[in-house]
Structure formats: C-alpha cells, structure tokens
C-alpha cells in the first residue's frame with residue numbers, strides 16, 4: 001500500500017489496520033508450509049548433531065530468501081499494470097515472450113527491482129542465519145531429555161496443520177478468507193502474493209487446449225446463433241412480454257439447497273413434500289422447463305448471479321481472477337442505485353464464496369459468524385428457519401432509502417439431512433419438507449410487510465437435485481429444477497413453457513427492468529422470442545444441451561453420446577460441442593488478460 005500509495009489514497013486509517021489484520025490467516029498458512037522442512041530438520045538434530053542438518057537448513061533458507069524476495073518484488077512491480085496479486089499469468093507471459101513481458105518496465109524500474117531483490121534476499125538470509133548460528137538449544141538442552149524433546153517437537157510440527165488448513169472449519173484456507181472490503185484493492189493488499197502464486201500454479205490449466213472439438217471459425221459460427229439479442233446487437237433489446245408492475249422493484253432471491261422438480265407435485269413430482277412451493281407456484285410464475293447448470297453450489301451460484309455456464313472440470317468461483325472479471329446481477333443493479341446483500345447460514349469462505357461475492361458487487365455478507373454459536377446447530381451451520389428469521393428481522397428494522405437486491409441461500413436440505421423438523425418418515429424428504437416450510441413461512445411473513453407490494457421474489461435451487469437418489473447423473477431429468485417468480489411486483493400468476501437454465505435468470509430479470517445485459521454473454525432473455533431458448537448443463541467431463549426439439553447428453557470421457565432424443569435427433573450435439581469449446585475460450589481469455597481498471601460495481 002505504501003509503494004502504490006496513489007492507488008490507496010482513499011483508504012482510511014482504519015483500512016491500514018484492517019488490511020494486515022485480515023491478511024494474517026494467509027500469512028500464517030504460508031508460514032506453516034515453509035516451516036515443515038525446517039521442523040523436520042530440527043527433529044533430526046535431537047538425535048544427531050551432524051553438520052549436515054545445519055547445512056541443509058542454511059541451503060533451504062537461502063532458497064526461501066530468494067523466492068520470497070523475488071515474489072514480493074515482482075508483485076510490487078506488476079500490481080499497478082495487472083490489477084491483481086501475482087499468479088501464474090505473468091509467468092506464462094514471461095515464458096512465452098520475455099521481451100514483451102518486460103516491455104512495460106523502464107530501465108530504472110528494472111534496475112531498482114534488481115537492487116531491491118538483492119537487498120531483500122541478503123536481509124532475509126541474514127535473519128535466518130542469526131537464528132541458525134545460536135546452537136545453545138542443540139548443544140545444551142536437547143541432550144538432557146531427547147525423548148521428551150522429540151515428542152514435543154513432533155507435536156509442534158504436527159500442529160502446523162492448524163494454520164496451514166486455516167483452522168477447523170469446513171472450509172480450508174483459500175484467498176477468499178482475507179477478502180473483507182468492497183474495495184478490491186484493499187482485498188488484494190491483504191492477499192499474500194506467494195500464497196496467491198502457489199495456488200495459481202497448482203490450479204493452472206491451459207484452458208485453450210481443453211475441449212477442442214472443431215476449428216475456431218466453425219465453433220464461432222455455431223455459437224453466434226446461440227447468443228441473446230442483447231449480446232448480438234450490444235444494446236438493450238426489449239422483451240415482448242412484461243411481467244412486472246414496476247421497473248425498479250426490490251428483488252429477493254431464495255437459493256434453495258439441492259431442490260429438484262421431482263419434489264413438486266405441480267411439476268409431476270412427489271406429493272406432500274414441497275407443499276409450500278406448490279402453493280407459491282400457483283400464486284406466481286412457474287417455469288416448467290427449467291434446468292440447473294451443474295452439480296455443485298459454487299458452480300450454480302456463478303450461473304445464477306453472473307449468468308455464466310458451469311465448467312465440467314473446474315470451478316470458476318475458485319479462480320478469483322476469472323470470477324472477478326465476470327458481470328453480475330449485483331453489479332448491474334448497483335449501477336442503477338440498488339444495494340446488494342447476501343445471507344447464508346454457513347461458512348462464507350467455503351469454495352472461495354466470499355471472494356466471488358465481494359468481487360461481484362455484494363456489499364454485506366451475513367454468514368454463520370453473524371449468529372450466536374448456539375444457533376449453529378448443524379454440520380453446515382445455521383438451520384434455515386433461523387436464517388429466514390434474521391432476514392425478516394433486518395427487513396423489519398431497516399428503513400430502506402434505496403431499492404435493494406438480497407440473496408438468501410439455504411443449507412438444511414443437504415446431507416446429512418439433520419433438521420429440527422419431523423413430518424415425513426423419509427429423512428431426505430423430511431429435510432426438503434423442512435426447508436419448504438421455512439420458505440413458505442418466510443414468504444407469508446413477507447406478505448405482511450408494506451414492502452411486499454414492490455418486491456419480486458425469485459425461488460431457484462442452487463444446482464441439480466439430489467432426489468431421487470438413484471437417478472443417473474447423465475440423465476436430463478436430474479437437472480430439471482423449479483424456477484418461481486412471485487411477489488407484489490409481479491403482474492399475475494401463470495406458467496412459462498420456455499426452455500431455460502440458471503444462466504438465463506440474469507438476462508431475463510434485467511430485460512424486464514429495462515437494463516442492458518449484453519455483458520452477460522451466455523445469458524438469454526427467456527421473454528424475448530427473438531433470442532434462442534435452450535438449457536446447457538455440465539457434469540465432470542460431460543455436457544448436455546436441451547431445447548424443444550432435441551435433448552443431447554455427451555460423455556467426453558468415453559467420447560460417446562449418452563442420450564439423443566426428440567423431434568430432431570442430433571441437432572444439439574455439434575452445437576453443444578461448439579458452445580463448450582467457446583466457453584473455455586472465454587475462460588482462457590479471462591484468466592490471462594489484465595483485470596480492467598476499476599470495479600464493475
């Protein structure tokens with residue numbers, strides 16, 4: 001922050017304290033990793049005082065001093081140009097074209113960087129050398145009781161697992177844990193650059209080489225016909241059907257854990273399970289041919305909130321540089337005056353969720369840490385009824401001066417399906433019935449508030465359903481989920497038979513609000529008849545493409561078509577391959593190009 005002071009001129013004195021404070025978990029984790037080898041060498045010296053161990057330690061610390069110095073100096077030099085903490089991207093550019101990679105640096109910057117690198121390396125190694133030179137512990141204390149010190153040091157060495165993992169919560173250490181601010185530069189300042197680089201190197205993949213089914217020109221021609229009209233014309237294209245009573249309603253998403261169409265009688269599923277969703281679907285708009293894009297929450301959320309398809313082998317949420325480059329509903333709404341808040345009863349750091357949410361425009365994230373420990377009653381966190389109570393309490397207390405966008409993510413209908421509710425004998429169905437009852441009660445209470453008349457509620461699952469348990473992962477039916485629009489801002493009830501998926505929520509919602517959505521390349525307005533209507537979903541190394549003419553599922557691992565049915569068999573196979581190829585082209589571009597200056601929100 002000192003080196004790039006001009007970039008942090010708006011930071012308050014409080015920010016200068018919060019940045020290092022929130023960055024400590026990554027620093028402790030990295031320190032834990034770097035201490036593993038010295039710890040083993042120290043244990044060896046208890047039983048053998050050979051100079052070999054000391055020489056190995058000196059060599060190790062020399063390497064670490066060089067690496068730490070190089071990473072921190074390079075990161076300082078590149079941040080202003082790249083806009084993100086050091087990852088494998090600069091290495092990719094340097095290896096492919098060293099001259100171009102260094103072209104933006106002046107001679108004085110290069111000289112200054114080299115001098116700083118040398119000085120920092122010498123200072124770090126000098127510090128390590130002073131620690132290694134004092135052998136009082138090795139000569140006088142250790143020989144007194146070798147078994148005791150062996151046990152003690154092995155115990156301490158094993159305890160390195162705690163900072164390395166980041167504690168004992170469900171989420172392991174990830175970059176998102178240090179994100180605390182809407183200002184992404186402050187979040188970047190809190191991020192340890194060596195940790196960022198190591199994570200990137202571990203997860204680095206050449207996306208451009210994956211899923212290459214055809215030549216780029218052919219793929220581009222096919223996919224060009226699959227884009228929304230806003231994307232094609234790069235401007236707002238009004239839908240022909242209007243469902244809202246106002247262009248600026250309050251918007252509340254309820255993202256329901258693992259729900260599927262098979263749980264709703266109104267969609268041909270089980271009776272007496274999701275009775276409240278069945279009731280609410282009759283009061284609002286029920287989309288009857290709607291699909292999940294993937295099989296995990298971290299992938300489904302990106303589709304819902306950013307209108308981006310899920311990948312079969314990667315999670316975009318776990319790639320902060322890519323996820324922060326995506327458009328989002330929250331960012332689009334904040335540009336027109338909305339506030340954006342997220343409610344989740346679990347660990348917001350799980351799968352890098354906090355990084356994604358902050359990076360895409362959410363101002364406030366309410367999670368398990370905002371509830372008393374006594375409320376965290378399940379493995380995953382706070383039961384759904386307590387989460388909804390908190391949302392209702394905030395809505396009743398806050399006098400909203402601006403229109404708002406809120407997302408409430410449930411968690412109770414997740415294995416092990418332990419819920420404070422006992423209506424059905426089947427444990428799994430009972431868990432879904434519990435969440436359904438929570439959603440129903442929440443909406444009923446919401447109706448009693450004055451804000452209801454100007455609110456649109458969107459009910460959608462986070463990913464494919466986990467019921468029935470024996471349904472095949474490559475079955476189209478596995479991906480069928482409900483989508484329900486309701487609220488006082490909705491003109492009236494009805495059903496929608498258009499094919500769509502979670503990626504289409506963004507364009508459909510923004511289209512109804514008169515907001516251009518051409519940044520959402522893969523999202524389609526379901527109420528615009530000029531736009532194509534289909535659903536694309538993925539599973540590890542497999543994809544499916546469904547529209548009114550054809551249902552195709554392709555297993556890339558076996559290179560076989562698993563399903564091909566409908567009025568026009570074969571129609572969607574090549575389109576699906578081209579679509580997936582183009583998605584990976586987009587990911588490759590986002591993962592290698594510099595972040596655009598300024599936040600999208």
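Note: Cβ is positioned from N, Cα and C throughout, glycine not excepted.
The annotation in TrEMBL ties 297, 462, 463 to Mn(2+), and of the candidates under consideration, 257, 270, 415, the one tied to the same site is 257. When TrEMBL is compared with the stretches 81-101, 144-164, the one noted as transmembrane segment is 144-164. Across the fold, the C-alpha of residue 297 (active site) and the C-alpha of residue 463 (Mn(2+) binding site) stand 6 Å from each other. A helical conformation is recorded for residue 297 (active site) in the three-state DSSP classification.
Summary of the Mn(2+) site environment: with the site residues 257, 297, 462, 463 set aside, the chain residues having Cβ atoms within 8 Å of the Cβ mean position are 255, 256, 258, 296, 300, 301, 409, 414, 461.
Here residue 462 (Mn(2+) binding site) comes close to 255, 256, 257, 258, 292, 297, 300, 301, 304, 409: these same-chain residues lie at least six apart in sequence, with C-beta atoms under 8 angstroms from its C-beta. When other Cβ atoms within 10 Å of the Cβ of residue 414 (substrate binding site) are tallied across all protein chains shown, the result is 20. Under 8 Å from some Cβ of the transmembrane segment (59-79) lie the Cβ atoms of residues 3-4, 34, 37-38, 41, 85-86, 90, 105, 109, 113, 116-117, 120-121, 124-125, 128-129, 132, 188, 193-194, 197, all in the same chain and six or more residues away from its ends.
Applying an 8 A CB threshold to same-chain residues 6+ apart, the list for residue 463 (Mn(2+) binding site) reads 258, 292, 293, 294, 295, 296, 297, 299, 300. Among the listed recorded positions, namely 257, 297, the Cβ with the most fellow Cβ atoms inside 10 Å is that of 297.
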